[in-house]
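Reviewing the structure listed below.
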Amino acid sequence: MTPDIILNDPFIIADRTFTSRLMIGTGKYKDMEETRQAIETSGAEIVTLALRRTNIGQNPNEPNLLDVISPEKYCILPNTAFCYTAEEAVRTCRLARELLGGHDLVKLEVLGDEKTLYPNVTETLKAAEVLINDGFNVMVYTSDDPLIAKRLEDMGCVAVMPLGAPIGSGLGISNPHNIKLILENAKVPIIVDAGVGTPSDATLAMELGCAGVLMNSAVAHAQQPVLMAQAMRKAVECGREGYLAGRMPRKAYASASSPIEGTIS
Ligand SMILES: CC(=O)[C@@H](O)[C@H](O)COP(=O)(O)O
């Protein structure tokens, strides 16, 4: 039987309710079929794509990802990967809105350099302001700096997405303490985006209290992407359930598993 606490645990982004807290990218797969299978197996409902590298209708003669990942089935989240200035990111979001018939949920990422793919926070703040004023619902990729995360929330971003580690690194969550600090003051969903390498990384993010996890490389570059998609689905669910259940207190000393108190007589 599913406990009520799980049944009453909606994941809401920009007034839309989702069941899955795993969000997944579409890059780096062997082919479209593998992309389709992995995404379906992951159970993700929000699927992100880099508009600058993915054809969703800009090139009518090329295969269109939306033929495989249908907007009727998934919430498509266009992202601004490969944008290095606020201006490029804003232009990319506007193009996405046009191509997707007015869809206004976007993932903003403005990158600093090609080596680290770290967010350029100054340009991210600029772009977020323009996009919010233009009516977009902005989910924003950012550093794990708690002050910047709060500022992005206060500006009106609908979700704040601190990195776990650099995009594509698979290094896991390098600074869980910062993620905790971000979570402490957050009123919007905090989603770890980037750097997840293993299911246990995803579980940790969820156990910390994150609302969700967004990943791409850990699934697409696994030796068995579809199997990894399944593992990630379970890992995110498992971490969420563990978070809601509440961990036992840590103790400095042992405590017998069958103590006298509480013995059933
Ligand atoms: C897919 C996406 O939107 C990116 O932010 C990023 O690619 C995710 O990072 P990983 O590939 O490290 O999971």
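Backbone N, Cα and C define each Cβ position, glycine as well.
No curator has checked TrEMBL annotations; they are predicted automatically.
Annotated in TrEMBL:
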DOMAIN    13-259  domain 'Thiazole synthase ThiG'
ACT_SITE  Lys107  active site, schiff-base intermediate with DXP
BINDING   Gly168, Ala194, Gly195, Asn216, Ser217  1-deoxy-D-xylulose 5-phosphate binding site
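Where TrEMBL records a feature, it is marked here on the structure.
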| residue | record | Cβ within 10 Å |
| --- | --- | --- |
| Lys107 | active site, schiff-base intermediate with DXP | 27 |
| Gly168 | 1-deoxy-D-xylulose 5-phosphate binding site | 17 |
| Ala194 | 1-deoxy-D-xylulose 5-phosphate binding site | 27 |
| Gly195 | 1-deoxy-D-xylulose 5-phosphate binding site | 24 |
| Asn216 | 1-deoxy-D-xylulose 5-phosphate binding site | 24 |
| Ser217 | 1-deoxy-D-xylulose 5-phosphate binding site | 18 |
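Gly168 (1-deoxy-D-xylulose 5-phosphate binding site) sits 17 Å from Lys107 (active site, schiff-base intermediate with DXP), taking the CA atoms of both as reference points.
Lys107 (active site, schiff-base intermediate with DXP) carries a strand DSSP state (E or B). Comment: 1-deoxy-D-xylulose 5-phosphate site residues Gly168, Ala194, Gly195, Asn216, Ser217; largest CA to CA distance 9 Å, whole number.
In the three-state DSSP reading, Gly195 (1-deoxy-D-xylulose 5-phosphate binding site) counts as coil.
Summarising model confidence by region, the domain 'Thiazole synthase ThiG' (13-259) averages a pLDDT of 96.
The residues near the 1-deoxy-D-xylulose 5-phosphate site, meaning same-chain residues not in Gly168, Ala194, Gly195, Asn216, Ser217 whose C-beta sits within 8 angstroms of the mean position of the site's C-beta atoms, are Gly25, Ala165, Pro166, Ile167, Ser169, Gly170, Val196, Met215, Ala218, in sequence order.
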